[in-house]
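Engineer: One structure is given below, represented as structure tokens, and several questions about it will come after.
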Amino acid sequence: MEEHSVGPLVPAVVKPEPSKNFSTDTTAAGTFLLVPTMSDLDKDFLCPICMQIIKDAFLTACGHSFCYMCIITHLRNKSDCPCCGHYLTNSNLFPNFLLDKLLKKTSDRQISKTASPVEHFRQAVQKGCEVTMKELDTLLLLLTEKKRKMEQEEAERNMQILLDFLHCLRKQKVDELKEVQTDLQFIKEDIGAVEKHRMDLYRARDRYSVKLRMLDDSGGRKSRHSSMDLNSSGLASSPLNLRGGLSSGSHTKKNDGKSQISSHGHGIQRRDPITGSDSQYINQSGLALVRKKRVHTQFNDLQECYLQKRRQAADKPHGQQERDTNFISREGYSCGLDDFQSVLTTFTRYSRLRVIAEIRHGDIFHSANIVSSIEFDRDDDLFATAGVSRRIKVFDFSAVVNEPTDAHCPVVEMTTRSKLSCLSWNKYAKNQIASSDYEGIVTVWTMTTRKSLMEYEEHEKRAWSVDFSRTDPSMLVSGSDDCKVKVWCTNQEASVLNIDMKANICCVKYNPGSGNYIAVGSADHHIHYYDLRNISRPVHVFTGHKKAVSYVKFLSNDELASASTDSTLRLWDVKQNLPVRTFRGHANEKNFVGLTVRSEYIACGSETNEVFVYHKEISKPLTWHRFGTLDMEDAEDEAGSYFISAVCWKSDRPTILTANSQGTIKVLVLAA
């Protein structure tokens, strides 16, 4: 995707004005000296060229004095006096010794005014000031004592700094030790709780196995007794009924045989799930090994997740802890452990994405193939696609999955004037779908007539995103490159609200729990969270992305996921206005690659032509799937040419619709 944002100007740093009384001069040694200026000295002491105190004064034939280097440099370019313009050459320059002496004395006086007593003493000694041996001894004693005191103070300061450092280090390590000890206590308690729960499960399994064996044994005895009774009654029958009795007896024996076989077979069938056959045991053992391997692969992230949840549970208010105590006594688990078990279960449940259906671009698309948006309808029965082909195509999901063909025909198809960027189904009116296009037009379509119900043309540039409200089916919101967010109502032609964002709008999304709140992602790298009842300023601006925010999606009323062209996803808490987690693993630097959320899972595309799935509690990918191509010529350039362009979860199961820039659509499902 292209960024058109104009970044904020960096404020200019205002430099402080130099002092009017002194100017700074840097010596060769790099020290700064205070040099007197015109307020302290007569202007005649200043060189007319450099406007500083004259150094190595030279006099011209016309009577003006300059620094030697200043006048020599001037005469290399011009042959006149800088003051009066009189003709002048190097032969007309003469050293001005008197002025040099006067300037030197003036400079010495200025230095003496600002010099320290030590500097005065040093200058006096250098000038040959006579000092007696006794005076020198006294001075040496004073200097020695002064040096000793300074060394003592320096040593004390160093010791104090070292001691402060060691105290800080000790405090830090003690805090870390306390934290580790607390964590170890959490782990010890949780190990005990898990072991107890596991033993309870084993005992329950054993009790159930014994009960099944008892039922099987009693069933076998009953069948044998009934068989003996029937046989004895047949033998005691009259001769007239002997044939019938025999036939009846033989029939009964046959039925009993079937019953015994059936009962025996049924008994095996019921025992297998409990005792387990060898193949089942091997499969279960292999699955356990795979899950353990996945745990070790993401051990650091899982460890962080566990400790975070346990610490949060321990830091809860007293009233909340009492409720958690009731939970612990009832379930045997702490609240934090229960939360982590849920994370661990959902994280290790799946390890790959499996393709269950595919629609080839060559059969349903033509010259333009990029699928910009793919969305399920309210009941997940239908899904719609749109993109640069200027068509909205609606497919029957069950037909796509169950019919073994790559070329599926849409059940509804609508043609548009412009390329499409986004789709949004109405969550109440099943036959309504909204679209945004490259001309900035937002259109509401009806499936029954296959025509537009409303067209909104207020956007001045390309509209990137549109979204229906989940709580009010008549409201929808859109965002555009014209830097405006517009709220629409299907009952009126003009926009209801207009928010000027001062930056290109890439995505908009309603909060699923309230029609008053929207999240807006823009090219200024930020997410603006607005309350539509007061649009003068956002409720909060979430910062952290380094480039434009291309997608925003709500996992819940309080959790917001965002995608950016900085190759990261981020999770935010819109209730506490805090960042929660950053996800890395996919590549996304310029294109819209799609973002979709479902319960604990977040999925997005990548510019490597791969689909990535993340668990919301783990910052690294859960799994990923690479789109392949059947064309060998395309296979070489696939990694650099194609990218995932749209993704969408099915709400009732771990199934995801994916599409790429080649126009290929795949139905993927999370598998173990």
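Placed from the backbone N, Cα and C atoms, the Cβ positions cover glycine too.
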Engineer: Swiss-Prot tags one of 115-172, 347-404, 521-578 as region 'SNLS (subnuclear localization signal)' - which one?
Structural biologist: 115-172
Engineer: Between 3-26, 291-314, 315-338, 459-482, I'd like to know which one Swiss-Prot lists as motif 'Bipartite nuclear localization signal'.
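Structural biologist: Checked against Swiss-Prot: motif 'Bipartite nuclear localization signal' maps to 291-314.
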Engineer: Among the recorded stretches 415-455, 458-498, 544-582, 639-671, which has the greatest number of Cβ pairs closer than 8 Å to the repeat 'WD 1' (366-405)?
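Structural biologist: Most Cβ pairs under 8 Å with the repeat 'WD 1' (366-405) come from 415-455.
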Engineer: Would you report the average pLDDT that the model assigns to the repeat 'WD 4' (500-540)?
Structural biologist: 95
Engineer: Please give the sequence-distant neighbours of the repeat 'WD 2' (415-455): residues at least 6 beyond its ends with Cβ less than 8 Å from one of its Cβ atoms.
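Structural biologist: Residues 368, 372-379, 384-392, 394, 461-468, 470, 473, 476, 478, 480-482, 486, 488, 490, 493, 592.
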Engineer: Tell me the residue counts in helix, strand and coil for the repeat 'WD 3' (458-498), as DSSP assigns them.
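Structural biologist: Counting residues per DSSP class in the repeat 'WD 3' (458-498), I get 0 helix, 20 strand, 21 coil.
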